Every structure is written in structure tokens, then in C-alpha cells.
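Trainee: What follows is a single structure, and I will ask about it in a moment.
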Amino acid sequence: MFELNNFDALQIGLASPEKIREWSRGEVKKPETINYRTLKPERDGLFCERIFGPMKDWECHCGKYKRIRYKGIVCDRCGVEVTKAKVRRERMGHIELAAPVSHIWYFKGIPSRMGLILDMSPRALEKVLYFASYVVLDPKETPLLKKQLLNEKEYRESIDKYGDDSFVAAMGAEAVKTLLDEIDLEQSSIELKEELKTSTGQKKIRIIRRLEVVESFRKSGNRPDWMVIDVIPVIPPDLRPMVQLDGGRFATSDLNDLYRRVINRNNRLKKLLDLGAPDIIVRNEKRMLQEAVDALIDNGRRGRPVTGPGNRPLKSLSDMLKGKQGRFRQNLLGKRVDYSGRSVIVVGPELKMYQCGLPKEMALELFKPFVMKKLVQNGLAHNIKSAKRMVERVQPQVWDVLEEVISDHPVLLNRAPTLHRLGIQAFQPVLVEGRAIKLHPLVCTAYNADFDGDQMAVHVPLSVEAQAEARFLMLAAHNILKPSDGKPVSVPTQDMVLGSYYLTMDKDGVKGEGKVFSCPEEVLMAYQCKAVDIHAKIKVRLKRVVDGETIEGIIETTPGKIIFNESIPQDLGYIDRTIPENKLKLEVDFLVSKKTLGGIITRCYMKHGATKTSIMLDKIKAKGYHYSTIGAITISTSDMVVPEAKRELLENTEKQVEKIQKMYRRGFISEEERYEKVIDLWTKTTEDVANALMGSLDSFNPIYMMADSGARGSKSQIKQLAGMRGLMANPSGKIIELPIKASFREGLDVLEYFISTHGARKGNADTALKTADSGYLTRRLVDVSQDVIVRQEDCGTEEGYEVSEIKEGNEVIEPLVERLSGRYPSEDIIHPTTGEVIVKRNTYMNEDIAKKVSDAGIKKVKIRSVFTCKSKHGVCARCYGMNMATSQKIHIGEAVGIVAAQSIGEPGTQLTMRTFHTGGVAGADITQGLPRVEELFEARKPKGLAIVSEVSGTVKMEETKKKRTIIVVTDDGEEVSYDIPFGSRIKVKNGDIIAAGDEITEGSINPHDILRIKGVDGVKNYLLSEVQKVYRLQGVDINDKHLEVVIRQMTRKIKIEDSGDTELLPGTMIDVFDFEEANKEILEKGGEPAVGRIALLGITKAALATDSFLSAASFQETTRVLTDAAIKGKIDPLLGLKENVIIGKLIPAGTGMTRYRSIQINTDDENIEEDSIDSIEV
């Protein structure tokens, strides 16, 4: 059986007039829509039932045939087929045009395809098409040239001069169609290739462009004259509906107006032609018809757009596809789904990690079909209809059935904006009273949810497969690690941290200090009877069974630590248990803060897996909430102690500032030096006041506890509360040299308050802008990398990518261990001293092996990387390495491209927006934060360009009065000099030895320069380290592999420079793998291979250059992408995720991959024993 969705690829092309007539069910001859009295469609009009099908199911227009029994009969009176009304969504009509018109996409697009293939300028073409000039079609014996333009006067003169039939000239689309008809594609292709060999410069570029269009037509089987339309297809009426409003008026789709204009003008033209009207009138009518068709296809592309009531431009066919509200993004990629609901969320601290609270009435509506089925199964209802009635009337027995249905049916919870894959997780529902969804506090971080009125959506997975995937892959208890860096995301926050911190503190001189207890239970009893304080240092006798023998001994601890350790596995490796005296020690014998909690969770996950970790987390959560309540840690103004030393510090600084001002007035220092010195002084003083404050706070001071534990607040906030606010920036970002000396505790005066409003306002404005920019960056990243899926186990590449520890100055930011763990080496790693092989190539390195390599003193290692992966589509599991979200090897089918895009985009909102101004120094404004990331991924020429050395050699400096020059002397003695503009800071010194591609002045480098000087590896390295720099500055950790995936997509295309004997055209972009394949083929035949060089594309360009036209069209520039694809007759292989979502197939990732869908199960019936059959429950 032919299934509509059962195809592997999709091709787009130009439609011939014959094809359009073949699609159509009849010609639309009248501009009428529906009869205003009967409200029935007019015959032969835009809604005609004879052409498009009946308005009502199984009912013809005249009413002769009603009911399903006449299915398929065509009424003899009105000619309407008796069928379902939904055929009005698929049946098309057509309009036969009295004169051909050109298709605006192919004439007006950039570059004009029609112009290129005819070798005419778009302006000349426009004159012909819109009846301003004649074009010579056949000069015959006259000295006129073919395709020469003649205006009315010249045409008349030529006819007078050469006689009536001496040459053929015409105007309008008919003339263009004749010219297009005459084109011999094979011949043109040969001629252009010959011309290409000899031409240069602009002429060469034009020939390449023309050749591209000619080759597209030649290879795709499209005919050039199909760019001129003889027949216009009319889309089905239910896709351009007309609906009656309350007041009896009609609302209609704009398309109907546009079609009406075309039909009106076409009919008028037919009439004029029949009457034999004068040429000038006919010509005007033809021009109007051309304009009407242009407006229908793409309104506003040429001239002023056609407007409807209220001067609103009408939405044409192109507008229906374009933009966020167009067909692609609104309906194909963003569908609304049934079995879903949304409500406000409230906190549910009593829930287990895998549970969520679902309001009863919501659950009943969501699980309605399941409840109805169960009611019938349990014999509570006789049939589905009565079951439905029971549910609708909410009879008491329905609730019991609902409990039963819900018991192991997970639901998905989603919070918008879904910035990464943890924005949708699965939970086991628990029915709750009220109308709010209850959410577990530990998943709030992943959702970025709080309970100030946030709403969340619930979705029900229906099929058994969907339920299984939700339970095994999406359950909240399984999603403990962040896919971007592999650190835990379900870390307790706020109260839970505060409670744990409070529990693990110790205090001197409190009740019960020094007491000795016989067992932990006795300690708890004493604490509950208030005989011992929770922070008292006590001794307790512990028993533990180790390797089958019981050990006992006395340890020193506090009741709080004993309570906290009840929920922690005692083998996490914090304590070396091989030392005898450590065997009984408590695992967590230190003060627990948010940071250390993260470490505890990571260790527990690595050692015991997700389930045990989620149980531990629930216990920590319960204890944290309980003891933060008991601790009663609150904020009061008396907790903000202004430090004694503050006054003295301020007075000293003021004296020093006065000294600096004096020096400036005497002319010893410049204005700039004065400003910098004053700023430095105040910065240091603010820091000193803060340190004095932190030193004076008691460790049991509630504000200090909150900040120190990481529950809420930070050192800088405490500094502002009780120290001094410090320096502020003015609206342009320059620091004002008058600091705010007061703290919030003391209160600000009017001027201080005014100064602080600048920053506050700028912060709010920035946040709003940042969210939109960050969202757009994520969208581009997703589009460029969405088809990167792990498609094979090993691509077999020998190449690797060299990594070493990352240093900034003398500080190691990322040690080698972090860069190696979870990867495969691409060559054997050999011990530098002993010479033994530590790790064989292609062996998975976990953290222990990576540590071993690092401890051996090895500084650089070549690893398998996404950069060097040879998989044609997607990547292979070896080059990718570890899946950050599970700390296991990655599985085939994982959509690593999307995960990479989300990992880079999600922290985007945390990055700053600002450009730092360095006090008016020319050319030194460096972009940072989000704009810098965008600049790198778009491969733009950055602001504040650095001068880069093109050669390697030694630096020589020359300074004259007018300018500074740096000369680089190469080893061969060749000198390359660079003029340094005033105000730039030089990075090199006299006599320095530098490599090609190194910066001479400070600033950002243009990535295209690095590509030119250092090659593709250099640019990949540069982009990776620069993007990482921005994120690291904000304290955001992103694993390198995510950036590698995106950067690989940016460097996948090659620009052909010389085609050799291949079919490739010079100047065109082609995929690296296709390029290598084409060359391999030619070399086997003994021909000359093509030459090209890697092109660095920005993410927008790279996303549009994908093989899939569906994906590109749904991203940006829809009309341009589709025009290009149609002419080339492109085939979309449907390999990525977007294109499959668009056509409604399962995405080829995870269990939707073809290799998983095509598994066959063979059961050998004979070998199953009789008695074992019963035990298998399905």
C-alpha cells in the first residue's frame, strides 16, 4: 500500500503549464466568491463546488443528492461530486491567462535568473516585461542586433527605414518567452565554459553566475520558458477561507482579493482581444495583468504594494510562507497539540524527585480516553458512550479509575522559554486538590522556574513507545547532569543549602560540648531532649562492618554532622578509607556549602548512578528544609554591622586623592593618569572596606551565613549593605570618579542615589535587549547544527586535534585532565620517561586514565575530535566521545548538534551586553559578552581590529615623530613593515620572535585573516578559545565539544578556485566531502583534480548553505532559498531534524533513526516451551 509519508527524499522544481493543468480540477472563470443571498458558492467562481468539491459532507450544490449512500456520484444537475467536504483543502483550480506573464521570483530576485540566462540586464528586462520597450527577436537582414532594445520612437523609425516584415520585435512576457524558448542549454553551457577560460575580473564573475544558472536548468530538467506563466494555479479554497462574522459581514483571506484582481483583468483582456481593440489598450491591460500576477505571487516586491482597507498591504503567497507567522514557522515547525494543558506552578517539597502534582480536574480531562477505556474494561460502563457520559458528569467512581490509569503513566512538564533540553522533563503524576501544578524544588534550576506566578504546560505521551521513552530517558530523576558541562543541575538551592550549612557548622562553648555517647541513636535522643546543642563538639562510638569484620571506635563530630551524614553514602572518596584510623570517620566531615554539595552529588552520581543519587537528593532536600526552619535564620538591620575601620580608610583615601589632584594641577601628571589613579585608589579602598567588614562579621551572623553557604546573596551585596557601595558608571559606561561612600544600612544621600539610578536603569534595559538577542543567537545555532547526529560508531579517521592545558598568564584555567576525560586519543600516548604505552589509540579515557596521562608529565595530547571527524553526515561516536549528560559513551542516534546549540545559547542571557569603553582611547573599544560571541560565530570583521603579522620572524621597532613602525624580519632576511596607528597598544617588544598570525597590537583578530595565514586548523583553534574566553569570564562552563560541533559546521564548505576536469564550477561553494569525492573520481579516470580552499562561513550563511532546502527556507530568506532550489531542481535528502518535522515524519534521531526502525524480530515459535508462555506478561 502506498503511504503518503513513506518517502526518502523530496524534490522541488518549476511547474510546467501542463503540470498545472494536470493538478487542476477545473478552470476558475469568474471573480465571484459566494452568493450574498444564498451564501452558496457561485459556479465557476473562486469557491465553486464543481471544481473544488462540496461545502457540506455528502451533499451536492443543488441538493439533489444527500447522504453518504451517493458517495462518488457526480450530480447531473450541478456537476458536483458527492464526497467529503475536506477535499476542499486539497483540490486545486487554475486560471488560463490570455497572455503569458513572467514569474516575479525569477525576474526580480537577486541575481535575476531570467536576466542571467538571457544575458540581459534586469533593468532592460523590466522595460520589456512592463511594455516600455521592444526587444528585437530576429533582426533578419537588418543591422539591428538580437535582444537589442528599441523604444516606441526607434521602433517606428526602424519600420519606416527597413520595411514592415524586415525584422521581428515584440514586447511583454510573450517576447521574453520566445527568447527563453530559443535557448539551447547544451550549446550555451559549452560556449560559456570556453569563454570562462579566457576571461578575468568582473566579466569572469558574471560568466560564472550565468554558467551556474544554465547548468542548473540543464541538469534539473526544468525548461527556461517555464519561468513565464501561461496558467496560474488556484490554491484550494479552504486554505484561503471566507468566514461570516457576527454582523453578517464577511472576513476573507487576502489571497481571494489578489486572485479576483487577476481574474478580472484576465477576463477584460480576453474581451479586448476578441473585440480587436487598439494595440495601446491591449498593451496596458497586459501590463496590468502582469502587475496583478506579481502582486499575487509576491506583493510589494516591485513597485508599491497592493493595499486593502486601511492602507494595509495584502498578504501574498510569498508572505504566507515568510517570517515567524508564515507557514513554515507557524504551522509546520510550531504545531499545537492535543492532550495538553497549562496552569500556575506551586512548590511541592513533599514530592519525590520523579513526581509532580497534577490538579484533579486537569488530569481527568487529559487522561479522558484512558479513563473511558478503563471504565468499560472494569465493567463500570457498558460502552464508550456511557463511559464518556460518566466522565463528563464527573461521577465518584471516575476518580478511582483515574488513580489507576495515572499510576504508571508519566507526563511531560515544559516551561517556556525552553532554552535547553532540560526545559521538558517527565514526571510521575500525583493527583492534588486545587488548580495548580506542584513542582519538585530540585528541578527548578533546570527549568529556571520560580513560584512568583510562572506557568507550565503538561503534555501526555500517548503511545506505549512514547511512555517508555519518557520514563527511561526523560524522567527528572535521570536528568541530574547538565548536558553542557556534565555538572549536576539538580543541586539544592536557597533554604536547602542553608539548612545543610547550618547542620554541619560547629560552635565552641555550647550545651553538651565534650560529652561522649555510646551510639549515634543516643546522640539523636540527647538532641531531641535538648540535652546537647546541634553544633556541639562531641565524641561518639561508631560500629561499622568493613569487608565482613566489625570495626568500632570513637570519633569526634557534632550532632548536626551525624544527622546530615545519615542521607549520604559513606563511600564517596572524601576520606581515604585505606588508613585504619579513617575507617570510621563520617564521609562529610566539613562545612557544607552549595559548592561542596555539587561535589557530593557529582561523586555520588559517578559511583552509584542516577537512582541512588536522586534518593540522596530527596533526603538532603527534606533535611535542608527542616533545619533551615529550625535554625530560624533571618535578616535584621542589626545584622548589618558597619566596620569600625571604615571612617579611617575613607579619610586616608581622601587625603591621597587630594595629593593626586595637586600633582595634576602642578602639571606633573596628565588628565588621563590622574583619572586612572583616582579610580584605582577608590577601587582598592572599597575592597579594603569590604574585607574589614567580612572580617568583623561573626560566622553565625545570618547574612554572612547566607552568603557563605551560597544560599542567597554574595560578598559584593554584603559590601553594599554594610560597607560602601563604591564606584558607579555613568550612562555611557565610563566610571564616575566620585564613589558612593555610604552603604544601604546608613542610607544614600540625594546625589549618591541619583548616581546609582544610571546603573540600575541600564541594567533593566540591557536585560530586555539581551533576552531577544540571545534567543536569536540560539535559533541560528540550532539551524546551523540541527542535522549533526551521531550516525556511526567510528569514521576511521587517523587525524586528531592537539590539546594542552589552557593558561591565562600563569594561572591554569582548564587543566589537561578536563580536556582529556571522556575522549579517545588519536595516537598511542607514550610515557615520556619510561617509554611505555599508557593509553593505546582509540581507547576511551575516563577521568582516572586522563589523570594518569597528566601525572606522567605529558603536556600535549592528540585526541579524536569532532573537528577531524570524517563522517559525511553528522559525526561518529569515537570523535565525539562522552555524552556530558550521562557521563557514558555517546550512543548512536544522539542529536548532538541540537544539544551543542542549546548549551551555547542557554547561558547567552547570562552574558553581558556591554562594550567596554577605555576612557576615550581610539580604537580600543573591545566588544565583550554576547555581541562578541555573535561576532565570532558570524565570522564578522570585529570592532577594534588588531594588526596581525603575516610572517614569522623577529620584531624590530622604529619610531619617528610622525609614526611608529614595526618591522618583522623573517629568517631569510626579508622585511615586512606595519604602521601602527596612534592610540593602539603594542603587544610585542624589540627583538621578540613571533609566529605568523600573532597579534602585534592589542584587539581582536579578523578570523578570515587567521584562515588565510594559519589555515583551517588555526581558525578553528582561534574561534574555540575566543568563544570560551567570553563564557569563562562570566563563570559559565561549556564543554569544548559543543563549540567544536558548531565550528565544524562553519568550516564545511570549500570555495572552488579551479575546476580542473571536474564538473564543479569555479567560484561556487561545495561541501568538503563532495569536493573530495569529485576529485577522487576524476583522479581515478586520470584527469586533473579541482582546486579549492576552505571558506569560513558565519552561522547564518552556513545555515542557508545546507543541503536541505526545507531547513534553509524555514530559517531565513524563504523566497530566495526556494527560488534557487526550484531552478536547481534540488533534492532534499531529509537527513536533518527540521525537514522531517516539517513534512511530519519521525525525526531521524534517537529511536527514530532508520537503523532502529528497521529492526525485525524473528520469533522461532517451535522452540518456546509450553509452560514458559504463561509467565510472559505483555
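Cβ atoms are placed via backbone N, Cα and C, with glycine included.
So Swiss-Prot lists the following for this protein:
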- Cys60, Cys62, Cys75, Cys78: Zn(2+) 1 binding site (BINDING)
- Asp450, Asp452, Asp454: Mg(2+) binding site (BINDING)
- Cys795, Cys869, Cys876, Cys879: Zn(2+) 2 binding site (BINDING)
Trainee: Would you identify the secondary structure of Cys876 (Zn(2+) 2 binding site) according to DSSP, in three states?
Mentor: strand
Trainee: For the binding-site residues Asp450, Asp454, work out the Cβ neighbour count at 10 Å and name the residue with the minimum.
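Mentor: If we count Cβ atoms within 10 Å for the binding-site residues Asp450, Asp454, the smallest count is at Asp450.
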Trainee: Compared by Cα position, which of the binding-site residues Cys60, Cys62, Cys876 is the closest one to Asp454 (Mg(2+) binding site)?
Mentor: Cys876
Trainee: Consider the binding-site residues Cys62, Cys75, Cys78, Cys869 and say which one has the Cα lying nearest the Cα of Asp450 (Mg(2+) binding site).
Mentor: Cys869
Trainee: What is the Cβ neighbour count of Cys78 (Zn(2+) 1 binding site) at a 10 Å cut-off, with all protein chains included?
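Mentor: Result for Cys78 (Zn(2+) 1 binding site): 16 neighbouring Cβ atoms inside 10 Å.
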Trainee: Measuring CB to CB from Cys879 (Zn(2+) 2 binding site), give everything in the same chain under 8 Å that is also at least six residues away in sequence.
Mentor: Cys795, Thr797, Tyr824, Arg864, Ser865, Val866, Thr868, Cys869, Ser871
Trainee: I'd like the Cβ neighbour count for Cys62 (Zn(2+) 1 binding site), meaning other Cβ atoms within 10 Å of its Cβ, all protein chains included.
Mentor: 14
Trainee: In the same chain, which residues outside the set Asp450, Asp452, Asp454 have their CB within 8 A of the centroid of the CB atoms that define the Mg(2+) site?
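Mentor: For the Mg(2+) site, the extra neighbours are Ile345, Ala449, Phe451, Gly453.
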Trainee: Return only the integer: C-alpha distance in Å from Cys75 (Zn(2+) 1 binding site) to Asp452 (Mg(2+) binding site).
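Mentor: Asp452 (Mg(2+) binding site) has its Cα 63 Å from the Cα of Cys75 (Zn(2+) 1 binding site).
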Trainee: Using the Cβ centroid of Cys60, Cys62, Cys75, Cys78 as the reference point for the Zn(2+) 1 site, which residues of the same chain not in that list have Cβ within 8 Å?
Mentor: Glu49, His61, Gly63, Lys64, Tyr65, Asp76, Arg77, Gly79, Val80
Trainee: Count the Cβ atoms, other than its own, that fall within 10 Å of the Cβ of Cys795 (Zn(2+) 2 binding site), considering every protein chain shown.
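Mentor: Result for Cys795 (Zn(2+) 2 binding site): 18 other Cβ atoms within 10 Å.
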Trainee: Starting from each candidate's C-beta and looking 10 angstroms out, tell me which of the binding-site residues Cys60, Cys75 has the most other C-beta atoms.
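Mentor: Answer by Cβ density within 10 Å: Cys60.
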Trainee: Give the distance between the Cα atoms of Cys78 (Zn(2+) 1 binding site) and Cys876 (Zn(2+) 2 binding site), rounded to the nearest whole Å.
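Mentor: With distance taken Cα to Cα, Cys876 (Zn(2+) 2 binding site) is 62 Å from Cys78 (Zn(2+) 1 binding site).
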Trainee: Given a 10 Å Cβ-Cβ cut-off, pick out the one of the binding-site residues Cys869, Cys876 that has the most other Cβ atoms nearby.
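Mentor: Counting every other Cβ within 10 Å of each candidate, the maximum falls on Cys869.
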Trainee: To test your reading of the Zn(2+) 2 site: which residues beyond Cys795, Cys869, Cys876, Cys879, same chain only, put their Cβ within 8 Å of the Cβ centroid of those residues?
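Mentor: Those within range, site residues removed, are Gln792, Asp794, Thr797, Arg864, Val866, Thr868, Lys870, Ser871, Val875, Ala877, Arg878, Tyr880.
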